[in-house]
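Per TrEMBL, the features are as follows:
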- ASP218: active site, nucleophile (ACT_SITE)
- ASP220: active site, proton donor (ACT_SITE)
- 1-16: compositional bias 'Acidic residues' (COMPBIAS)
- 1-26: region 'Disordered' (REGION)
Amino acid sequence: MDDGSSEMEGIGEAENEVNGMTLNESSTSEKVEVVVAGKDRPALVHKLAMCAVKAGGTVIDLQQTIVEQMLNLAMIVELDPTKPESNRFYRDILVCGKNSGVHVEFNIKSEPERPIHSGVKSKYAVTVLSAESIDISTLKDLTLLLSSRNVRVETIKKLSQGSMRCLELGIKTEQALSRGDLRKLREDLYSFGMNRYIDIAMQAENLTRRSRRLVVMDMDSTLIQQEVIDELAKHAGVSDQVKEITERAMGGHLDFNQSLSQRAALLKGTPAATFDKVIDNLVYTEGASYLCKSLKKLGYRLAVISGGFTAVTEHVRKVLGKCLKLPSFRQVPETA
């Protein structure tokens, strides 16, 4: 049996640290934030939570991050100072931290209680996606942009494997955003992403975000690295003409439908067998297959859309796991 000797080790030092703290005795309850940093230890969270239980407290919030076996933990505990056992909380936490070799800090919450519903509309998830690793300067500029809009970044989580190509920021505003403010913030984030060649999406952090079960993805230059119509143009010998039309469209001189019709007209008479050559040389985006398989395992339904041609879209659908069939813009008869 444990004789408690290890727990008693260093109690004198722990008590000295606690003695310097001022407790809020005028309130029937107080909220204490416990911040822990150091090398992760087995069952450390359980040990810390048990300190709260033994002191008659309740853990009301908990967040933990482990990076390369280094732990960062924040735990908010509600205590009743009128209970005699609450006096042991600080000492027990400090002793647990000392014996586990981690650094512990306390922050007594003094702000007034907020209604439970007050923050529901003020929490959002900002997803940042880049072809390359997102550098620290970009992340710094993004957080500064959010801060200038009175938005606080509460969490930053890496969603991608390996390099930081995909991050999710948990953000919060002090007050619910109006539709105009929300639209302006989204526009600012869109412009920020465009200037740095990254994609940024902002969603309300609610049940709707978590319960979505349909993922619709573009095919050209997304699931595959090419534009199908450009690949067909190479085989048809009209690559330069198609490229010129594309550039005019990108410059705003043609709308999408006009540019697509003009490019497709240049391909008239191209043998349908050309699609086989294009299919044989498709380059799939790194991680596309893994993403689709993972989403299907999680119960999502997938759909692929394309402004390209049905034959290629059908092939990509099958390769990536029988995604839902949605109409493409162009279908080519077998005799074309």
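Including glycine, each Cβ sits where the backbone N, Cα and C put it.
Nobody curates TrEMBL annotations by hand; they come from automatic prediction.
Taking the active-site residues ASP218, ASP220 in turn, the residue surrounded by the fewest other Cβ atoms inside 10 Å of its Cβ turns out to be ASP218. Under DSSP, ASP218 (active site, nucleophile) is assigned to a strand (E or B) in the three-state scheme.
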